[in-house]
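Trainee: The structure that follows is given in the form of structure tokens.
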Amino acid sequence: MNPELFAETLSKYNFKLSPVQEQQFKTYFKELVRVNEHVNLTRITDEDEVYLKHFYDSVTPLLLWPEVFAEGAKLCDVGAGAGFPSLPIKILRPDLEVTIVDSLGKRLNFLSDLLEKLGIEGVNLVHGRAEDVGQNPDYREKFDLVTARAVARMSVLSEYCLPLAKVGGKFLALKGPRADEELEDAKSALEKLGGEVVFTRVITLPGSAEVRTLVLVDKVKATPGKYPRQAGTPNRKPL
């Protein structure tokens with residue numbers, strides 16, 4: 001998917017890229033590849049692949065479920081790495097207030113420099129483990145929407161993400177092709193953490209065999225105070 005096809009595909013979903021937005025994606029690609037030479041950000045560096053598997057993949061929830069992204073909503077992206085999915089979403093929807101949580105300082109340094117080059121405001125970068133941030137009263141149950149892409153299996157991911165979503169908010173997981181098995185394993189975790197799966201959608205990225213599953217979870221009740229457990233425990237002992 002080259003930049004032109006990317007723009008054309010978005011326009012079919014009523015997202016017409018402005019020249020500024022087109023340039024932001026071009027700069028994002030150039031900076032990603034440049035910095036990736038000395039900081040491990042991605043295995044994907046071919047332009048067409050970055051536009052498809054990073055940029056387009058990141059914005060698919062916004063294209064398919066625009067109603068989930070309310071005007072001025074507070075979005076938290078857990079383990080965003082090089083900024084996926086939240087920064088491509090933010091480029092399309094500058095009104096969103098975005099917080100990015102990542103445990104690796106080098107990645108956050110990349111994002112900080114990138115945001116300056118892109119001229120993007122309204123993004124808060126938080127250096128820390130999701131388990132610790134989820135117990136911090138500044139962030140706990142403060143977000144309308146929490147996103148995560150390719151971070152951990154669903155039972156673990158739920159404990160990272162649901163404590164950050166406010167009651168009535170949502171948790172959106174961007175998963176691969178075998179999400180059904182993960183969801184089955186995560187039933188107990190979701191129930192304990194106050195989440196309820198409302199929708200899953202399997203999609204294939206355009207012009208490819210890449211299968212993705214979008215999972216939307218409602219935060220129906222408050223997460224008990226003991227969750228998330230201390231750093232490392234959710235991964236070692238999933239709920």
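Every residue number used here counts from 1 along the chain in the order it is shown.
Here the Cβ of each residue, glycine as well, is placed from N, Cα and C on the backbone.
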Trainee: Swiss-Prot has GLY79, PHE84, ALA130, GLU131 binding S-adenosyl-L-methionine. Which one of ARG93, ARG140, ARG149 is in the same site?
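Mentor: Looking at ARG93, ARG140, ARG149, the one Swiss-Prot places in the S-adenosyl-L-methionine site next to GLY79, PHE84, ALA130, GLU131 is ARG149.
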Trainee: Based on DSSP, name the secondary structure state of PHE84 (S-adenosyl-L-methionine binding site): helix, strand or coil.
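Mentor: For PHE84 (S-adenosyl-L-methionine binding site) - judged by DSSP and reduced to three states - the answer is coil.
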Trainee: Tell me, by DSSP, whether ARG149 (S-adenosyl-L-methionine binding site) is helix, strand or coil?
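Mentor: The residue in question, ARG149 (S-adenosyl-L-methionine binding site), is strand (DSSP, three-state).
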